[in-house]
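In what follows, a single structure is set out as structure tokens and then discussed.
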Amino acid sequence: MKKRTLQELSEEQEEINSSYINVNSLQKQLYLENQKRLEEIKQEKQEIKQNEGDEVKQVDEKIKLCFPVGKFCLNQISQYPKEEKQSHILSFINIIQENAYSDVQKEKPKITLEAALMTCYGFEDHLLKPLVLSGVKLFIINDNDNNDKKLEIIEEFNGHRNWTVIKPSKLSSVTFGGSFHPKIWILKFPKFIRIVIGSQNLHVGDWTVWSQAMWIQDFQIGNSELDEISKEFKVGLKEFLDNILPNSHKFEDLLKIKYNDYDFQNINIRLITSIPGRFTGNQMNKYGMMRIQSVINSELKSNDFEIPKQVSIAYQTTSIGQLDVNYIDFVQQCCSGQQVKQSQKIQQNNKSIAQMLFNQQEEEKSTLKLIYPTSDYIQNQTSAGPEYANPLFLRKQQYENPKFPKNIFHRYQGSNYYYWHAGNIPHLKVMIVTGIDEKIDDKTSIYIGSHNLSQAAWGRLEKNATQLFISNTELGVLYPPKKDSAKLKQSIVEQISFKFPPDKYEKTDQPWISEVYYEQQI
């Protein structure tokens with residue numbers, strides 16, 4: 001692949017961005033017409049209420065949802081060929097369309113999106129302004145980068161009456177140093193809401209340069225009988241949204257929806273959340289890595305699968321926190337679904353926490369393969385080059401620490417299934433848990449979301465494993481062990497933008513560390 005210069009890539013990005021603005025200029029022209037249509041839809045909803053006093057709105061049976069069941073998707077980046085469209089690869093513009101598969105350039109569809117709530121770790125006005133100009137009520141929940149970490153609510157952001165930015169407070173001692181890092185969108189259309197959970201932020205580069213992974217599902221108005229998994233998702237998502245927003249700005253009020261009016265059926269994943277705090281007892285199993293352990297354990301048992309003694313974990317991450325053998329053992333144990341056993345006393349002789357907790361024999365330990373780009377890959381193999389590698393984070397001092405587990409590093413490479421993935425720069429975060437043979441089967445688990453491989457994101461055990469401490473706010477989904485799920489999981493593995501199973505680092509390979517690269521440029 002011919003390497004493009006930074007200027008050439010920038011020009012290509014500008015062309016894509018201009019195209020987005022041109023398409024959305026039509027939205028402004030159609031604004032009044034859209035408002036009239038929304039009024040007609042509102043009247044239609046009132047007419048189809050079936051029972052007097054029943055507050056649950058019924059929906060026209062003819063409504064067609066693009067995502068009636070949760071779907072794994074990637075973002076459309078600049079290097080992908082436009083002529084070879086795949087249903088799992090979507091642009092920013094398509095996701096905010098009622099028909100996510102419409103040809104926006106040719107069809108010029110009307111924007112029926114009424115309101116959008118989007119959480120992120122950074123955004124650019126350039127990407128979002130056309131959406132605001134079309135009349136969509138936009139609520140951005142962004143990481144708090146203020147020095148005082150106080151709650152900040154910016155109404156009429158940049159002079160737009162329909163744009164609000166909220167920066168959640170980090171004043172408590174627990175959250176002050178943590179990141180607000182979840183990426184969830186709730187898109188309100190006239191007859192349904194669309195929920196997007198993944199790794200995507202709201203910079204232009206997130207939709208032109210960096211590879212992202214998402215789970216998307218549409219929920220129409222209705223009141224079907226829900227199974228236990230769907231009920232858990234519905235309750236857990238509301239709990240998470242209520243937790244991250246101030247009491248003065250509840251998500252239902254912002255979007256002008258009644259959450260319970262929507263039909264949360266056909267859930268095929270389990271929600272994985274991290275919120276800042278210290279948790280004990282049953283609360284430990286609700287968040288972070290202990291939530292992974294709890295879900296995998298329960299799903300293995302309910303599907304009559306044996307709990308494995310060993311698993312292989314391929315963890316593709318873009319930011320790496322403090323790691324050591326102890327923490328890796330903890331991650332391995334949780335991903336196998338084995339029950340955590342609390343120790344009775346602190347072990348001596350520098351034994352690992354995992355050994356202390358799980359009483360595992362050395363030969364029974366599972367393996368973790370950390371997938372992260374090499375310096376050579378970023379400098380010589382990517383389409384965008386080092387100037388666009390800022391989503392990747394690993395400290396030089398951290399990597400050079402003698403206790404840092406360098407042996408777990410594996411190469412990030414473009415997937416073998418689609419040639420256009422070659423040379424992509426990742427921002428997705430994916431974990432694939434299999435047997436030692438690395439075959440995808442019903443017992444495989446696949447995580448996608450915002451969690452990087454760090455103690456801040458997943459949590460660490462304290463007080464003899466009786467307490468879980470988490471400092472970040474994170475969100476993701478897990479495809480857990482389940483009978484007859486192998487085909488779906490195999491399709492996801494074939495669709496991801498990186499090679500699986502990964503290749504181990506060669507002796508001469510070094511991970512991409514930005515400070516090392518820029519030191520060499522001086």
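Using the three backbone atoms N, Cα and C, a Cβ is placed for every residue, glycine included.
Please treat TrEMBL annotations as automatic predictions, because they have not gone through curation.
Lifted from TrEMBL, the feature list:
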COILED    9-58  coiled coil
ACT_SITE  His181  active site, nucleophile
BINDING   Lys183, Lys429  substrate binding site
ACT_SITE  His427  active site, proton donor/acceptor
SITE      Ser454  site 'Interaction with DNA'
Euclidean distance between Cα atoms of the residue listed as 'active site, nucleophile' and Lys429 (substrate binding site), Å: 12
Whole-number Å value for how far His181 (active site, nucleophile) lies from Ser454 (site 'Interaction with DNA') (Cα to Cα): 13
Alpha-carbon distance [His427 (active site, proton donor/acceptor); the residue listed as 'active site, nucleophile'] in Å: 13
The coiled coil (9-58) [mean pLDDT, rounded to integer]: 50
Separation of alpha carbons, His427 (active site, proton donor/acceptor) and Lys183 (substrate binding site) (Å): 12
Sequence-distant neighbours of His427 (active site, proton donor/acceptor) in its chain (C-beta under 8 A, six or more apart): Ser199, Gln200, Asn201, Asp206, Trp210, Ser211, Gln212, Thr318, Pro391
